[in-house]
Each structure stands twice: as structure tokens, then as C-alpha cells.
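As C-alpha cells, the structure follows; a few thoughts come after it.
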Amino acid sequence: MSQVNVGLCGLGTVGTGVVKILQNHADEIKYKVGSELNIKKILVHDLNKARDVAISREWLTTDPDELVNNADIDIIIEVMGGIEDTNLLLEKAIRNKKHIVTANKDLMAVHGQKLLKLAKENQCDILYDASVAGGIPIIRSLTEGLASDKIQKIMGIVNGTTNYILTKMTDEELAFEPVLKEAQELGFAEADPTSDVDGLDAARKMVLLANLAFKMEIGLDDVEVSGIRTISQEDITFATSLGYTIKLIGIASIHNGKVEVSVEPTLLPKEHPLALVKNEFNAVYVYGEAVGETMFYGPGAGSLPTATAVVSDLMDVAKNIRLGITGNEYITPQYEKQLKEDNEKYMQYFLRMEVDDAAGTFQKITNVFTDENVSFAKILQLPSDKEKIAEIVMITHKISKQQLLNSRENLKGLDVVNEIISCYRVDGED
Ligand code: NAP
Ligand code: HSE
């Protein structure tokens, strides 16, 4: 096929980048694919909006059927966002034998498995590398470069907005709200940044990575998620004084066939490679049984970085069309989902408490932990501004989540503990 025709759904941040790359790199793309990639139609909301890219007016439409029912179009690129309506649009496109490239993690985390099966039934490709960590080819690395390995752990900073906020709160001691506003203005926060800040955006990305790594059908409900709203300047100060940096970390790991997926604020030793990832940058650490440790770093969002991943997927689909194949043989999950119980999840924890500054307090607290067989790596006590009150910060050795939950419950029953102010995971020391 000397020419492959594309329908582009969305001409916003990512869509504009896609058009620019197709135009600016046209010669290289044609050389590598062996076909020209032509945009036939672009679906938008507003036909009259000024566009930051050179396009032909007649490409624009507000009618999705002009793309999904268009016999001339081979591949649909979906970069408009949304879940339910977009899912229906893509289902229709696949039934009409269109291949799909999407950057939409929200859609793929919810409907991805069904869409992948539908695509397979219709001998279509559906590729979504841009949906996790923008310009970092992490999905491509799991499905191609590391395909021969057994992945055991993925640990990553996969949300740029929260990493930007935490970097500014740590390095410049800025407050949460103004930094969030800055992230929105810079264009990497979602339109509704709740999903960034509360960890849902990262959780959706971790679902996609975990499914690919462990070949199970893991859903969003299987992910333990907490965001960064609870992190205070005091938490950051305590963490820093103990030699840690706080990051929002997604973890997906497997042990004895059982999986754990979570997104939580996590303290990392300040020299840990993920602790050094600043601002809106993303990074993903992957541990494979054979390869050992690998690390991927780059821009997790933005017009051209994200569009790079979209267009690379587009090129793969175009090559597949030329070869008369699809790349989706291994879509069906290989294993039944098996999740770890709380007594099988092991981690270190940071606990910060407000306690009575009186004789016997420490003994009562340590008794609670001794009863649960919890021991400590670090302990710090500082006077509080309040009279006869102290703040204690403890870092446990590795304990199970169940031991943590039991200890917390029992601490609440102690008259000397006024409040457990914060409790975060600690990782990266083994
Ligand atoms: P955006 O700037 O808001 O652009 C959305 C585009 O889609 C706009 O052109 C809009 O049309 C069009 N659109 C939206 N809903 C539509 C509908 N119902 N019918 C017709 N057109 C519609 O979004 P974006 O930042 O490019 O993100 C697009 C997708 O990529 C999302 O799934 C996002 O999660 C994902 N993503 C984004 C980034 C990033 O850095 N931005 C990174 C990775 C993944 P108008 O222009 O006419 O309003
Ligand atoms: N809102 C997302 C982020 C954009 O901050 O990482 C990329 O998915």
C-alpha cells in the first residue's frame, strides 16, 4: 500500500503535535514505513477555533461518522479524551475494520481489555503507547524489548502534575494550591486535576502496565490508591531531615504468582534514582527476572513528546497493514488474576504522631509495636509548638501491611497518642 489514510479524533494538545510530527518528519516516516501517512479527516468540537498548526479546512468535521464510516480511512488516531462516548466511537470504528491508535489511559484502563478483544476479533490493531508516561516508550518496551523476560516489579513516577507539585513543595517550599495552578497553566494537569492529585491518573497507568507485565486482567478496583493532598510541608521537612524525598509512586509487583498494584506517596532515599526525577518528568523502573534492573526516563506529557509515541504507534500499524498482519496475538490474559492479601504485602513505613511529652509515653507506644513484632529503622522525636506535646517520627523495618494496620488500630486506643498525623510507605532501601 503506497498510502495509508488516517482519521484524527482531536486536535488539541496531542492532536496538534501529531499533525506537526506527520508534517515535519514526513520524509523519515515514509522511509521507515514504506508508505505515506495521510490525514483525511479531523474530528473536533469547534470548527471555528484557531488552530496552532497548518491544516486544510476541509479536513475538519464535527461528525464522527465521517471518520468511522469512511471507507478511505485505514487508521483512527484517538486523542480527544473521554471514556464512554469515546469507547462507543472506537467500537464502531473497529467493527468497520479501522485500526486504532490512542493516548487515552482513562479509556484503556476501563475498557481496554474489551476493546483489545474486539480488535483481535476484527483483525485490527489497537496500540496505546502514549497513554502511559507520554514520550517514554514504556508500553513498547514491555511488549517488545523486554518481551522475552518475566517482569517482577514496576515502580514509577507516572504522573507529571503530582511530581511537579511535590518537587516545588520540596525544593522551593511552595504551597500546594498555587503550584497546582501553575501545572494547569503549563498544560500537563488534566482538565479536572482531581484525577492527578488523588492518584487516579497514575492508577489508570499502573493498571495498563500491570496487565502487560503480568498478563492478568487487573482492574482499577484492584489498585490501592492514595494521592498527595495529605502531604504537608511538615511531612516533607521530617522526611528530608531523615534523608528521604516524598514522591507519588506507582508499584506493580508479583511474588509467587500473586500481584500487588498500588499508587501512594512514598518516601525514597534521596539518592534513589526515582528521587532524582524532578518537575513534570516521569520515570519507570522495571525489574525483570533475566534482565535485572532497567530504568526509563523522560517527558510524561506535553504536545510533541506524547505525539511522538502516537506517531510511532501509527507507523507500526501502517507497517502491519503493509505486511498484512496485526500485532495483537498475546492480548488474551495468560493467567487468572491473583492478588496479594494484606499479610503478604511487605514494606517499610513512615509514621508521624503527636503524643504526650511525658514519662512512659515511649514505652506504651513501643509495647504496641512489640505486640505486632514491628521493629524500627529510625526514630526521631522533636518538641511541638504545643505545650507538653511532642512529635514522633518512626521508620519501621519491613513489615506486612496487616502488621501496620493492627499497630495503627492499637495506637489509636492509647491515651498518650493524640493523633497519627501521617503514614506513608518507604521504599528503595533494599
Ligand atoms: P485537549 O487538548 O483537550 O484536546 C482534545 C481535542 O479533542 C480538542 O481538539 C477537542 O476539540 C476534541 N474533542 C474533545 N471531545 C470531542 C468530542 N466529543 N467531539 C469532537 N471533538 C472532541 O486534550 P489533550 O491534552 O490533547 O489530550 C488528548 C488525549 O491524550 C487524552 O485522552 C489525554 O488523557 C491523553 N494524553 C494527553 C497528554 C498531554 O500531555 N496532554 C499526555 C498523554 C496522554 P476542539 O479543539 O474543537 O475543542
Ligand atoms: N495529567 C497527566 C500527568 C498527563 O500529569 O502526567 C499525562 O498523562
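Even glycines carry a Cβ here, placed using N, Cα and C.
Quick look at what TrEMBL lists:
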type     : residues                              : note
ACT_SITE : K205                                  : active site, proton donor
BINDING  : C9, G10, L11, G12, T13, V14, G15, T16 : NADP(+) binding site
BINDING  : K105                                  : NADPH binding site
BINDING  : E190                                  : L-homoserine binding site
DOMAIN   : 350-425                               : domain 'ACT'
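In space, K105 is the closest of the binding-site residues G10, T13, V14, G15, K105 to the residue listed as 'active site, proton donor', judged by Cα positions.
Among the binding-site residues listed (G10, G12, T13, V14), none has a CB atom closer than 6 Å to any atom of ligand 2.
Residue counts for the domain 'ACT' (350-425) by DSSP state, with H, G and I taken as helix and E and B as strand, are 23 helix, 34 strand, 19 coil. The most crowded of the binding-site residues listed here (G10, G12, G15) is G15, judged by how many other CB atoms sit within 10 Å of its own CB. Shown in sequence order, V79, A103, A130, S303, T306, A307, V310 are the residues of the chain, 6+ apart in sequence, with a C-beta less than 8 angstroms from the C-beta of V14 (NADP(+) binding site). T16 (NADP(+) binding site): 20 other CB atoms within 10 A of its CB, across all protein chains. A mean pLDDT of 94 is what the model gives for the domain 'ACT' (350-425).
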